[in-house]
Amino acid sequence: MTHFIFVTGGVVSSLGKGISAASVAALLEARGLKVTMVKMDPYINVDPGTMSPFQHGEVFVTEDGAETDLDLGYYERFLRRAKMTKLNNFTSGRVYQDVLNKERRGDYLGGTVQVIPHITDNIKERVLAAGEGYDVAIVEIGGTVGDIESLPFMESVRQLMVELGHKRTMLMHLTLLPYIRSAAELKTKPTQHSVKELLSIGIQPDILICRTEHDVDADTKRKIALFTNVEARAVVVCKDAKTIYQIPRNFYEQKVDDLICERFGYNDLPQADLSDWDQVCEALFNPEYIVRVAMVGKYVELPDAYKSVNEALLHAGIQNRVKVQIDYVDAETLETQDISILSTADAILVPGGFGERGTEGKMLAIKYAREQGIPFLGICLGMQLAVIEYARNVAGLAEATSTEFNRSTKFPIIGLITEWLDERGELQQRSVESDLGGTMRLGAQKSELVEGTKTRQVYGKAEIVERHRHRYEMNDRFIEPIEKAGMKISGYSTAQHLVETVEIPEHPWFIAVQFHPEFTSSPRDGHPLFASFIDAAKKQHLKTK
């Protein structure tokens with residue numbers, strides 16, 4: 001029997017609902033419960049797959065190929081025993097699309113289709129399906145209480161709390177306690193009004209997570225409890241922390257997990273062992289060195305566009321006991337600036353992306369890393385550009401490019417793949433006319449690493465499984481001239497022998513991959529590719545120190 005914790009936010013957005021929810025999930029998992037998480041997004045897009053990173057940040061890809069909200073990345077990084085799937089994230093657009101398709105098929109037998117019950121029932125069905133087979137499902141509702149877009153979701157939550165009952169549901173509400181400097185005082189009124197908004201919908205919160213920059217005394221907590229109908233011990237203070245990985249310990253010390261276990265009847269569980277989280281924080285706060293990684297991209301003004309890459313570098317720093325300082329370099333400005341701005345970097349990374357804009361700047365950075373012997377990691381488009389740069393400047397194919405940038409090129413080193421097998425082994429097809437949404441090679445795919453290569457050495461095994469999100473691949477017609485010039489194809493997809501990884505054997509550390517290793521990195525376990533990359537950066541730092 002699954003228990004549900006619904007997570008809402010009030011006063012302002014960006015309070016950290018996802019991190020708070022993931023921290024609670026980590027606590028419950030540490031007590032032995034089987035936990036999953038769900039993110040409900042009120043926007044009308046079917047999924048974030050075609051949204052600009054400037055609008056939405058990164059698109060997180062699950063094992064089964066769902067293009068989802070970046071919060072699912074937090075969920076997976078905080079949980080060890082649960083992987084997110086297509087069931088764990090859905091939007092208003094997805095719900096309305098499903099309901100309208102049913103209406104067109106005649107499933108509603110000519111009845112009037114309405115928000116209540118048709119939309120709300122669809123939402124409830126999705127929540128219940130995602131929670132099936134778990135002890136606890138933590139369900140985050142995107143946006144802020146009172147937003148018009150989120151009303152169907154809030155009504156669905158209200159109905160579920162009534163239908164499932166008090167002993168199977170809880171609501172955790174995040175709110176802001178602003179500090180007024182002129183009065184030297186924390187203000188509780190925004191929290192009171194936020195809860196009032198919830199109550200007007202018919203929902204009473206059970207736990208309040210109060211975000212603040214300052215300590216909160218017992219009197220203030222009692223005042224909040226009095227005016228919100230919440231127990232004083234359920235008013236949880238979430239003061240700004242040095243790292244998000246301190247939040248599980250913070251919640252543990254305020255007995256958030258005890259509150260939940262009491263409510264759900266989990267009275268005989270062992271206490272949570274958070275020693276692994278303590279080790280993560282200890283390594284973060286006591287680095288031996290600082291290494292600088294230049295990340296060359298076109299969305300660098302918004303770090304959330306590369307959230308999982310940023311986190312994977314942080315995790316690799318933990319593994320190597322170094323602090324990773326990321327220097328964001330705009331690829332377009334690099335085309336007009338002196339390339340020597342990269343001279344302070346201990347390593348260079350070119351992440352994934354789409355489109356031609358900024359590609360010349362990225363290739364300048366790749367060439368610099370290759371010629372100067374600086375550790376380089378290319379991801380997705382970063383791999384494709386590494387191959388193009390090598391083809392142009394080493395293999396003698398001066399006009400080499402991708403058909404993404406020039407469909408009529410005579411040297412299509414990178415081309416559109418028209419057929420591939422999905423994660424279920426089923427044939428998928430596309431063409432240049434296909435819709436952008438949902439037409440990529442997505443999700444976990446097996447690859448075989450070539451024996452004797454650095455990539456094989458880094459992973460420590462022959463077969464790996466990594467997640468993909470791309471339309472274009474290296475053209476196998478050009479493998480021979482590329483390898484003859486010195487670049488090594490070090491990995492191929494198991495199913496179709498597509499190029500997955502390349503490296504330059506004569507370089508200290510130059511690896512580029514078609515997949516997205518950042519999606520499977522975690523603070524407690526890291527990822528072998530990023531760990532090796534930062535180890536190489538550390539050696540580069542010590543060499544040039």
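The backbone N, Cα and C atoms fix where each Cβ goes, glycine too.
Source: prediction; values computed, not measured.
Record check: Swiss-Prot places Gly353, Leu381, Gly382, Met383, Gln384, Arg471 at the L-glutamine site, and the matching candidate among Glu332, Glu404, Glu448, Glu451 is Glu404. Binding of ATP is attributed by Swiss-Prot to Ser14, Leu15, Gly16, Lys17, Gly18, Ile19, Lys239, Asp240, Ala241, and within the candidate set Asp69, Asp71, Asp304 the record adds Asp71 to that site.
Of the residues Ser13, Ser20, Ser402, Ser408, Swiss-Prot places Ser13 in the same CTP site as Asp147, Ile148, Glu149, Lys187, Thr188, Lys189, Pro190, Thr191, Gln192, Lys223. Candidate binding-site residues: Gly16, Gly18, Arg471. Nearest to Gln192 (UTP binding site) by Cα distance: Gly16. For Lys187 (UTP binding site), the nearest neighbour among the binding-site residues Ile148, Asp240, Leu381, Arg471, judged by Cα separation, is Asp240. By the criterion of other Cβ atoms within 10 Å of the residue's own Cβ, the least surrounded of the recorded positions Ile148, Cys380 is Ile148. Mean pLDDT for the region 'Amidoligase domain' (1-266) in this predicted model: 95.
Secondary structure at Met383 (L-glutamine binding site), as computed by DSSP, is helix. Most other Cβ atoms within 10 A: among the binding-site residues Gly18, Pro190, that distinction falls to Gly18. For Lys223 (UTP binding site), the nearest neighbour among the listed binding-site residues (Ser14, Gly353, Gly382, Arg471), judged by C-alpha distance, is Ser14.
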